[in-house]
Amino acid sequence: MELTPSQVEAVESSARCLQVVACAGSGKTEVLAGRVLKFLREGVEPSGIVAFTFTEKAAEELKARIDQRAEEAGLSVRGLPPSSAGLFAGTIHSYCLRLLQSSVECELYDVGVEVLPNAVNILTIHQSKGLEFPVVFVPCLVEGRFPSSRTGRKRKWYLPESMTWSSSPEPDRLDTKDPGQDETRECAGQTGGARNSGGQPFAGGRNGGCPRQRVLDIDRYEGRMADERRLFYVAVTRARDLLILSTFRDYGKDERGAKPAPVSRFLNDVASNPLLARELKKLGQGVVPRGRRSANRGTLTVDCDQLLVYSECPRKYYLRYECGFAPPIASALGFGKLAHHVVTEAVRRARAGTPITPDEIARILRDRFYLPFASSDQKAIMFQALLRRLRAYAESRGKDLARAIEVELPFEVPVDGYRVRGRIDLVLAAVGSDVPSAGSLRAQLSPSSTCVHSGATAEATAVEIVDLKTSENRPPLPRHKNQLRLYGKALSLLGKNPVRLTIHDLDSEDGHVIEVEPNDTEFGEFEAEMARWLWGIRNSRFEAVFGPAGKACDYAGLCTGSWRDD
């Protein structure tokens with residue numbers, strides 16, 4: 001199908017947001033397929049493309065069209081059509097279900113969303129459907145609460161009888177009077193004016209004498225024990241590693257004494273199930289005693305950036321990461337991360353075959369530019385500033401970035417019994433002039449060097465570490481240099497041979513590069529400092545740092561001792 005000029009313009013547009021208004025049969029599917037092919041040509045991985053349709057039938061048509069056009073254009077991915085290589089096309093409901101089932105954690109790079117990994121989720125059972133957690137607690141397993149005392153309770157319905165009956169066969173309501181057993185009364189084919197045990201009349205005719213069900217399904221609104229049992233099943237199957245079921249013996253004492261609380265039939269079912277005998281561990285009756293604080297509290301793991309915040313001011317770390325107070329929103333929030341994102345996205349595309357050029361950088365920036373808290377005038381100014389700097393960076397460093405072998409590589413390193421984790425922006429294959437011979441390695445660097453770990457050899461992959469910075473601190477502070485040396489240690493533990501450590505200054509107009517020299521003395525002192533910081537976090541030492549700089553602290557209003565006039 002030939003596209004109209006306006007449709008071609010929509011397909012080739014580099015705008016971040018695009019609205020296409022068209023009537024049925026005018027080529028909307030072809031436009032969507034064309035947009036997907038545009039992204040594939042630009043090096044976007046199929047797994048990074050999502051196409052929403054109104055129906056699953058439309059999704060199948062769209063996927064078939066994309067695969068056909070991709071085959072015609074020679075755009076197969078690793079020999080597979082796009083729909084088989086990770087591209088998603090379907091309804092928004094199926095996509096949300098896919099996210100829930102995969103339990104993917106998404107990071108919002110541009111708005112600084114705080115993630116609290118130690119939070120406890122308190123949910124209703126209905127809210128937990130489709131989710132899974134390592135540990136699940138199901139409390140209050142007593143009769144009257146779970147199952148609910150309202151299950152099967154008769155209500156008065158203000159509806160005429162003609163609206164509450166139908167001829168659809170359906171089992172009668174469960175008997176909830178006996179807490180020990182659930183019973184379902186099936187229809188047995190009675191005829192005429194016979195009645196079932198609940199007093200409901202049976203209907204003859206083509207339904208074989210089955211009882212007539214209410215149109216409004218009053219039984220379902222009043223509740224059935226089978227529904228409660230299904231809900232209990234949902235609750236206990238949310239746990240991946242550990243399930244804890246608890247009950248209590250009474251509701252507490254008042255002037256009439258303690259009211260007993262019968263154990264839930266569901267808990268009794270679990271306790272008596274022979275299939276679970278080996279899995280169950282009963283903790284006994286009575287009040288659970290308060291446990292003693294274990295001397296072994298596990299290994300403390302802290303993000304490298306968080307550790308540097310602690311080095312500035314322990315109280316600031318406490319307010320931000322322990323208490324969860326987010327810093328004030330600034331109009332330029334996300335500017336630095338946006339610059340990082342554009343560069344790393346360009347590198348990912350380069351690895352897929354798209355060269356890193358100033359025009360490609362500009363195209364990515366236009367597609368991904370998003371500063372939600374800036375005014376229109378501020379956005380225009382910041383866009384031009386970022387475009388100018390990133391184009392200059394691509395012009396001067398595009399060939400270097402083409403050597404990238406890792407993008408945003410996560411790592412963890414041990415520090416004095418603790419663990420520090422982080423993410424290395426870029427890892428480049430070292431050029432020939434940067435790779436020393438085995439003899440020069442041994443002559444220049446000690447086994448504990450920050451650039452070569454004792455396990456690394458000259459035959460290990462020689463790499464260059466790149467840290468992207470958008471900072472006013474020029475030259476870089478010692479802690480930034482040591483942060484890069486920490487990255488070198490991490491890569492050496494992974495069997496790499498980091499021979500060059502560089503900081504790429506994205507704020508400069510010419511793609512300025514700062515090289516960090518190995519320095520075992522400085523890095524050794526930095527490791528000792530990190531150990532002290534980690535000890536302070538472990539032992540809740542969050543004292544405020546006094547000084548004039550505290551006046552500009554984001555948390556000065558929450559911290560009365562963060563600065564002094566003298």
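Cβ coordinates are placed from backbone N, Cα and C, and glycine is handled just like the others.
Summarising the annotation, TrEMBL assigns ATP binding site to ALA22, CYS23, ALA24, GLY25, SER26, GLY27, LYS28, THR29. Counting every protein chain shown, the Cβ of GLY27 (ATP binding site) has 17 other Cβ atoms within 10 Å.
Positions annotated as compositional bias 'Basic and acidic residues' by TrEMBL: 170-186.
Here TrEMBL flags 190-208 as compositional bias 'Gly residues'.
The annotation domain 'UvrD-like helicase ATP-binding' is assigned in TrEMBL to 1-351.
The region 'Disordered' annotation in TrEMBL covers 163-209.
Here the binding-site residues are ALA22, ALA24, and the one with the most other Cβ atoms within 10 Å of its Cβ is ALA22. When the binding-site residues SER26, THR29 are compared by the number of other CB atoms within 10 angstroms of each CB, SER26 has the fewest. Sequence-distant neighbours of CYS23 (ATP binding site) (same chain, six or more apart, CB under 8 Å from its CB) are absent.
The 10 Å shell around the Cβ of LYS28 (ATP binding site) contains 18 further Cβ atoms across the protein chains shown.
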